[in-house]
Amino acid sequence: MAKIDEILNQEGIDRIAISPYKQYSRGYMEPGNLGTGYVTGLKVDAGTRVKTDDEVLDGIVSYDRAECKNAYMGQINMTTASSFTGVQGHILGYDLLRNPAVDNAKPLFEEDQWDGSKLPIYDGKPLQDTLVEYFGTSDNRRHYPAPGSFIVCANKGVTSYRPKEDRPLRTGESYGVWSAIAISIAKDPVHNSSMFIEDAGTWNTPNEDDLNEFLDRRRRAIALSIAQCGQDANTSFASSWIGFAHVMMKPGEIGNAITVGPYFSIPVDAVPGGSILTPDVDMNIMEQLTLPKWLEKMKYQSIVKDQHIEY
Amino acid sequence: MNVKIAVLENQINADFYQTLQLNYGMRKINSLLLGKIKQKEVVLLATKNLLILAQKDNTKTFPLNQVRKLTFIKGTPNGEIQFKFGNHVYKVNQIRIGRVFDFVQTLKPTLPLEANYTNTNRGENNYLSNPDHAVEIDRLRTALQNGKISRYEYDDFNGSISKAGK
């Protein structure tokens, strides 16, 4: 058992999050899960669809496309959480199935925190990659959420249309959509919560280069808001991981950018050597395993290495 | 070869096409239009800082910050655009290749001044029903839909959304 779990257990807190289903992950708080904890992951994706004449359907279909892109989260009932992953939570790729890229990452820049410490900002890709490897993709599904399950998620998104005709943009229309997610890891995870920040928006010129420049500035704005949120709660963070996705629409397409941090429980058959009778040991195994070791034990090929995964 | 310019192959005189590829093939072209000025074929090119007006035997380059008024008149097919440089007004019509509004938006973005409200989008109820916040929310929505502020900032500044989360 990890040292932190020993301390938390004395407070009556457990971080166990085991789903009784085979293969499928389930949402946090769905009945029948073992343990009172949850696992969270990072997903940020953008997708497009050709627009029809039905705005409601367009919204649904484009949202669905973004949900199913990369880390597969299709066919779920998504409910919204206000974005903290606390003492009872694990972060996939960081606390569980740690991605070695997390340890090798170099900070992009640093932000000042209220207590005088520096907050290093990293690219969120290693954590996004871990969720892709764990949930799988649409055509290579692994331990994705059970179809129809209720998944609590930190989430935000935008939908926008680019007109097919050559005419000025009307209100609500644009050339591109983008989304971002950040997870900030609490320095003191026994007493404080780590925090998600999700963001999304539209882009109003056809220049993708300008959008990329804007997103770089946006990363700094997000870093600043993380530091400010930390001050509000008198907490500071050890590191922040920020991931972006964007897509430019072709004429006649509707675009959707979503940012999602799902809270879920892991099925016991996703734990190598796991047993439904010993959920605490199962969590321990997942804490000990690195992502490459887990892939090896599960006899999975690395999707991120083999396929072209672009967020 | 510049792929943006390549769409003009077989659309304009071969010499004119070669000249364009030679002169601008290595530049990053953001947008392009093919139309006519006084029945004479003209290609408008937009780079990051320049508007280039190219004809078979004559090319003019306008620094973007000195181009006054760049106006979309109508879209393709048979599109029309107008711009002013110094005291001279250039009017390009019969535009048949390119997207006129995209060209304008590339060089001098103009943004809608009104916010869009639709109950058909997820989570987009008409917040204007609350008169205490109507004007401010309308401004916020306009800024959000113009890409000036993000969803996070919109939610943060919006008085009618609870501040339980991010």
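Every residue gets a Cβ built from N, Cα and C, even glycine.
Residues or ranges marked as substrate binding site by TrEMBL: A:D64, A:S82. Spatially close to A:D64 (substrate binding site) yet at least six residues away along the chain are A:G74, judged by Cβ distances under 8 angstroms.
For A:S83 (pyruvic acid (Ser)), the count of additional Cβ atoms within 10 Å of its Cβ stands at 24 [all protein chains shown]. Look at TrEMBL and you will find A:S83 tagged as pyruvic acid (Ser).
According to TrEMBL, the feature active site, proton donor maps to A:E198. The Cβ of A:E198 (active site, proton donor) has 27 other Cβ atoms within 10 Å, all protein chains considered.
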TODO: Going by DSSP, give the three-state secondary structure for A:D64 (substrate binding site).
DONE: helix
TODO: May I ask you to pick out the recorded positions among A:D64, A:S82, A:S83, A:E198 with a CB closer than 8 angstroms to chain B's CB atoms, ordered by sequence, or 'none' if no residue qualifies?
DONE: A:S82, A:S83, A:E198
Task: Cβ-Cβ distance under 8 Å to A:S82 (substrate binding site), same chain, at least six residues away - done: A:A154
TODO: Compute the C-alpha separation of A:S83 (pyruvic acid (Ser)) from A:E198 (active site, proton donor), stating it in Å without decimals.
DONE: 8
